[in-house]
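So that you can see what the record holds, here are the features copied from TrEMBL:
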| type | residues | note |
| --- | --- | --- |
| COMPBIAS | 681-701 | compositional bias 'Basic and acidic residues' |
| REGION | 677-701 | region 'Disordered' |
| TRANSMEM | 48-68 | transmembrane segment |
| TRANSMEM | 75-92 | transmembrane segment |
| TRANSMEM | 112-133 | transmembrane segment |
| TRANSMEM | 154-174 | transmembrane segment |
| TRANSMEM | 194-217 | transmembrane segment |
| TRANSMEM | 273-291 | transmembrane segment |
| TRANSMEM | 325-342 | transmembrane segment |
| TRANSMEM | 354-374 | transmembrane segment |
| TRANSMEM | 610-631 | transmembrane segment |
| TRANSMEM | 643-664 | transmembrane segment |
Amino acid sequence: PSCFGYPLSIFFIIINEFCERFSYYGMRAVLVLYFKYFLQWDDNLSTAIYHTFVALCYLTPILGAIVADSWLGKFKTIVSLSVVYTIGQVVMSVSSINDLTDQTQDGSPDNIPVHIALSMIGLILIALGTGGIKPCVSAFGGDQFKEDQDKQRSRFFSIFYLSINAGSLLSTIITPILRAQECGIHSKQRCYPLAFGVPAALMAIALVVFIAGSGMYKKVKPQGNIMVQVSKCIGFAIKNRFRHRSKEFPKREHWLDWASEKYDKRLIAQTKMVLKVLFLYIPLPMFWALFDQQGSRWTLQATTMDGNFVAIQIQPDQMQTVNPILIIIMVPVVDAVVYPLIKKCKINFTPLRKITVGMFLASLAFVAAALVQVQIDKTLPVFPAAEQSQIKIINLGTDKASIKFEPELGHVDVTSMGSTGYMIFETSQLQSVSITSGNKTKPNTVKLPGGKRYTLAVKNNEADILVKWLLDNVTSKPEEGNNLIRFINNLPDPINVTMGETSFGNLAPLSDSNYELFPGGRQDSIIVVRNSMTCSHTSKAFGFGSAYTIVINECSRDRLTVTYSEDISPNTVHMAWQIPQYFILTCAEVVFSVTGLEFSYSQAPSNMKAVLQAGWLLTVAVGNIIVLIVAGASKLSEQWAEYVLFAALLLAVCIIFAVMAYFYTYVDPSEIEAQFDEEEKNQVKKDPDLYEKKAEADSQM
């Protein structure tokens, strides 16, 4: 059955691919944040495991292709590995349910190793599934067409690529929104089970849709895997060359010619062409090493930025959507506008030059990322070293206060109801402070343990100057764009404070509450109960990643007056500053990735495409392993420096590749094939029984 001139079975395959890509990219989008916030790993371990997983996903396709071509056939391979894949997604979703081990019901899992074990099992199953079916699905789609349907077949591959990008785009928008929801039985947290559960459901749908079309598929029998033959041929040539290494044997033109005792000339010629292309692949992994950091380092960079786009709140993991959005726009623009313009300028923009430009652009994107990182670092708070103390002053009185740090370490004036920033002192030197306010002066001896932050609250009332030292137990900037809030009671009576849904409990006069976490970017109502009177006030917007002390100054007849003192400034660098680096990297991907596969296919015989596909995917896997090695081996404490290091490495590799490309001669595989066809015809004329002999020899191989 057909529809619009296409086999009907194609539509099942495209829907299946859309769901599968949605499932994969959706899970991958939130993965690094799941490691960081749920499993509580640091940035480096999260990045390392993320790239190990991606590398696995690109190593397993080689297995998948061999299993499908030599043994099970494409249809059975896709079905059986999709089952494995779906189980993996479900396990992943279960691993992120924190109520699974949360016996104390305090909102964080008590037995993290259980969650780690489950998620690792889930990820291994997913890598087997997604990798194993990757080489089969598109080829299985290609099998559905008749010989004369070339036009429809190439149109199918474009639609297929579009469905991949549509799936990845939608899932990268949707799963972070699901992750940002609050859910849980005993306590509310970020909803990872939902963010992993929806991809799992879509994978199950993909499987059902694919099986539903079973009766319509054209199922080609497995015909043996060309990769196995090529490997055997190369292995035999090396072995044979080694056996005949002494000088009495004449040299052969190419080392692969040593396989000619056992393999026919055509296979050897095809293998030579493939190896010529694979040799060019050697520098390519460095490109992927940078490209795949969008999901790890760049997403972690976004967590330290401000995601407020007018009325919409963007999640850090949603910034990855910039890539698929731009791809959908850029691919047609580059094909229809950029390349023709370059041609008009009489520049011969060969495929290898395109790949070189792609590498250069990716290196540029990381320079842009480093520049953004430098701006972010300027906004990060500095915390005291072990032998230092940081002190800020809050003046709770109606008179100006002047504070001297003795012995002669400077002094500071604070306006009424005002506060200062943090000042750093060497703990061993600071002995006392002297506070003057109104017409009174009060000395205060100081013995502070080092390495901590303190707030000195001072208040001049009629009888005396009241002095209160408060420990600020914040040791890092709040993560995930959350804010930390605490209150100081500046009223003569005890009060009870609630903000949003969080109760801060009862506060005695001049005492402070603990810091509590609030989601970023919203305003909450503050409710104060004083002697059975209730006053309320809507807080200001705190931005993202800040810490504030709110002083309650007045509560009478519905009127609540507060002052805000900023302890840690919010994230001020806007997430939109990441768009340039995404744009440059997407331009790089368009000229690199699309050209790379086209070039490979044009330089090798048609039956060798599987080998090149495997080689191409291998470069992605190796690229992810490079991230592990570089990020692990470089002991760079500054993130911007690591970005510059990656940019420099890729630039060096880009120059090496340009030299290799300069010496490359383009070949036309079809001409070489035609020569062999011609030779075979001539031989058959001379020896009509040759075909039967050749068939016998092939079957014994």
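Keep in mind that glycine also has a Cβ here, set from the backbone N, Cα and C atoms.
Counting Cβ pairs under 8 Å that are 6 or more residues apart, the transmembrane segment (194-217) and the transmembrane segment (75-92) reach 3 or more and are in contact. Highest Cβ contact count with the transmembrane segment (354-374) among the listed stretches 75-92, 112-133, 154-174, 610-631, 643-664 falls to 643-664 (criterion: pairs under 8 Å). With a cut-off of 8 Å on Cβ pairs spaced 6 or more residues apart, the transmembrane segment (154-174) and the transmembrane segment (75-92) reach fewer than 3 such pairs and are scored as not touching. Spatially, the transmembrane segment (610-631) is not adjacent to the transmembrane segment (75-92); fewer than three Cβ-Cβ distances between them are under 8 Å for residues at least 6 apart in sequence. For the transmembrane segment (75-92), the partner stretch with the highest count of Cβ pairs under 8 angstroms, out of 48-68, 112-133, 273-291, is 112-133.
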